[in-house]
Amino acid sequence: MNKPFSQDNKVGKLHTTLGKDHLVLLRFDGHSSIDDLFEFNVEALSHEANIDLTNIIGTHATVELDSMSGDKSFFDGVVTEAEWTGVQENGNTYNLVLRPWFWLASRRRNQKIFHNMNVVQIVEEVFGDYSGHGDTPFEVQLSRSYPELEYTVQYRESDFTFVARQLERFGIHYYFVHEEGSHKLVLNDDMDNFPQIDQETVPFYPVDGQHRPPEEHFWHWQPRRLLTTGAITMTDYNFKTPVSQMLTEHVGDAQYDNGQIESFDYPGDYLDRQRGDAVAKLRTLQERSNDHFHSVVGDVVSLNAGCRVIVGGQQVPGILDEEFLCVRVDYSFRSQAYGSGNSGDDGYAYTASYIMTPITEPFEPERITPRPIVHGPQTATVVGEGEIDCDEYGRIWVHFHWDRLKAYSMRCRVSQNWAGKGWGGMIIPRIGMEVVVEFLEGDPDQPLVTGCVYNGKNNAPYALPSNKTKSVFKTDTHQGSGFNELTFEDEKDQEKIYMHGQKDQEIHIENNREKRVDNDQFETVGRDKSITVGQDHTESVARDARHNVGRDVNYTVGRDQIENYGKDHVHNVGNIHKQAIYADHLVSVGRNVEQEVSGKYTLNVVDSITNNTGKHTLMAYEKFTIKGPGCSITLGGGTIELKAAQINLKGQVSMGGAGSAQVPTLSGAANKALPLVEECPKEGE
């Protein structure tokens, strides 16, 4: 029976949840980078051929390597892949792939909205979702301040991609620190915050045949330079301050020819010029960070991505006594002493390739994670308080159908048919409406409402398709029942414009208003109607005009009233007809005048009455009386009676019949041809 494997005297060890030496380390390869996920590939040996991989997948495993000085370095990760690879002479081999807990975030795609948070708060909230997935520690070591973001969307991207994109956006590094059984993610934005390794300096010794110094060192060093974009110019737009100067630029520090090549971009991802200056500087540094790199080979076990190191030893041009930041490490370790039960020392077989940059040079995370693009419009439901909820810019809240947390968008601007300075169209979508949302530049962080659509809950104002010829604009009374409406009917021979006002209508025309009706016009007013005309009022009726008034009619004319009738004028008064004329009353009749009075006729004249006519007939069917002061003439019953204190007749009197001798004095009055009433003075004259 084979003796159990033992790692007690080994430089390299593997620790798993299966127990001590259940799996022993044969080979360790991998890579680790700042701003990237590490991956460790482990080949392990076991006497067992039937290890249940379920018991190890998803758990932590740690590779432990001893340095030449005896210090221990750990490389911990979550077992994300496990595979039995076969049988060797001395046992069964297994391959394990170890990745960081942050890699778990690449397994979950999500769509989520973050309101009024800075980038650190957003990252902390995302990481908080993994607290139930075991040990997921992280540490924040940030020196800069970061702006609060009104609205940030994770859209159809994994948690890892979303967080990485935000960190790159704001220039925040992340790297991992390992210990046995766990590892920690560290956020950092300052070169001074990266830790130094324990060794004061690490020497450089070039390759010298088979001779190998007895200390960890570097033996290959290859500097590299890269011409980069040297200047960044960008601009942006803020609708709240549309006339603000937003153009900004920053020039890098490259000293070589063509080192000031400019790159211009829009949008710049900022809302004011001050923030724009900071963004332009960051983008320039991100470009310049690709310039200074050194490819190095050595065996420094404790040098991981995110650590600083001072280089000593023999002269390498431009690096002696300089301090560098390790950006990437590619690891390789072989344990060669496992034979049939052999547990002796396996010697030292660790090498690594490093990418390093001087700490005096710019180093910012490269922007490599693409922003998600919303391809085409989406629809969403308007949400908010009450029936209408908007801000001073007419912006509304919407809830996207993909938002399972029932959150809401930022205040979205609403496209109008016209938008000027204090003029244009204004229609605010109501709570519960389904609206069409587009995204500026396809950016999920920049929604814009461009329209509304009906659905199974919100129906059109008229049933379709039976009313398909109607074009309708119908509103709904706010906090009440009712509506205003303007409808156009385009069905042939039924064309019509319909307007409904729930309450008042006000029309204000600064100059002329012209209305033309080619056929009939009907107007119904439920109560009063008032028309005020500043100057003239003219109405022309080609045929008849009829006015029916249920009660009184009052006309007040400041000056003249002239009425012209082409033919007859019939005036019917059901009761009293009274006219009050404060000056003259002139009546001109082209032909006859006929008056018929069913009762009495009274004429009161203050001064005099003059009748001028060719013939004048006064007729009384019963009695005719003419009265004056102290006298009268009465005709009736075949007799004429004159009463007066004295009767004077002037002129010849011709009498016929039986009465010719009785009144000889009438002759004088007859010759004068004067009305008898003029001879009778009024009382008091």
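For all residues, glycine too, the Cβ spot is worked out from N, Cα and C.
Note that TrEMBL annotation is computational and uncurated.
According to TrEMBL, the domain 'Gp5/Type VI secretion system Vgr protein OB-fold' annotation covers 389-454. Annotation comment: TrEMBL describes 471-579 as domain 'Gp5/Type VI secretion system Vgr C-terminal trimerisation'.
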Give me the mean pLDDT over the domain 'Gp5/Type VI secretion system Vgr C-terminal trimerisation' (471-579), rounded to a whole number.
88
I'd like the per-state residue tally for the domain 'Gp5/Type VI secretion system Vgr protein OB-fold' (389-454) from DSSP, helix first, then strand, then coil.
3 helix, 23 strand, 40 coil
Could you tell me how many residues in the domain 'Gp5/Type VI secretion system Vgr C-terminal trimerisation' (471-579) are helical, how many are strand and how many are coil under DSSP?
0 helix, 14 strand, 95 coil
